[in-house]
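Accompanying notes for the structure given below.
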Amino acid sequence: MNNLINIKEVEAKLNFTFTQPKLLVTALTHPSYRNETATITEDSERLEFLGDAVLCLIVTEHLFLLFPSMDEGTLSTARAALINAVSCCQYTDALGLGEYLLIGKGERIQNERGKTSAYANLFEAILGAVYLDGGLAPARQITVPLLPSKKDILPLMLGNPKNRLQQLTQKHLRTLPVYQYEPWTSPQGASGYHIRVLVNHEVWGEGFALSKKEAEKLAAQQALDAHDYEDKNTMDL
């Protein structure tokens with residue numbers, strides 16, 4: 001057993017006691033630490049792989065039960081936001097587990113991006129370890145309280161305007177929006193984009209911005225606003 005980890009402290013934060021504490025140690029062992037430590041033979045990567053699937057199942061089930069009227073596409077949009085690296089990093093922070101990560105000297109976390117990746121992987125690995133040791137129930141008990149409230153999940157479900165417009169046109173018109181691009185110059189003289197979004201050859205919205213992505217977003221939002229689309233999925237709130 002690794003003497004650098006206070007198993008009891010970590011278990012207290014998880015509110016879960018391992019029957020196989022070695023699983024927890026492995027989950028906390030970054031691959032870089034194993035590479036630099038001759039006595040360590042296992043790292044967190046396999047548990048991370050398992051934990052990713054466990055997290056996906058738990059979040060899918062949670063959303064399915066919480067929003068019985070939501071369609072599959074909208075649920076998928078919310079799930080993606082709840083299981084991405086940024087969210088998993090936040091779960092690690094919320095549990096206060098980051099300080100227990102065993103990481104190699106050559107792999108010290110240098111910036112926010114590095115922290116997000118390392119902490120996200122850590123959460124998934126711990127979830128995989130909990131699942132192997134105690135099954136789905138304790139993994140669910142750890143995860144669900146970390147998820148946003150029902151009210152806060154709704155904006156995640158709506159997604160960005162492009163996705164919402166695509167879902168709308170597919171569902172109601174069985175077609176996809178088409179984006180047309182033209183060069184545009186801002187009042188300050190900067191080069192940008194003028195984008196029109198067409199549905200069934202009809203212009204639904206326009207957007208002007210310096211970046212193509214932002215102009216598309218503005219055009220899609222104008223299309224949604226102009227057609228006064230009321231998302232029926234809000235009935236679940």
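Each residue, glycine too, has its Cβ placed from N, Cα and C.
Among Glu48, Glu61, Glu182, the residue that Swiss-Prot places alongside Asn121, Glu124 at the Mg(2+) binding site is Glu48. The average per-residue pLDDT of the prediction over the domain 'DRBM' (160-229) is 90, rounded to a whole number. With every protein chain in view, the residue among the recorded positions Glu48, Asp52, Glu124 whose Cβ has the most Cβ partners within 10 Å turns out to be Glu124.
The Mg(2+) site is defined by Glu48, Asn121, Glu124, and by the 8 Å test on Cβ atoms against their centroid, the other residues of the chain that qualify are Ser44, Glu45, Leu47, Phe49, Gly51, Asp52, Cys88, Ala120, Leu122, Phe123, Ala125, Gly128.
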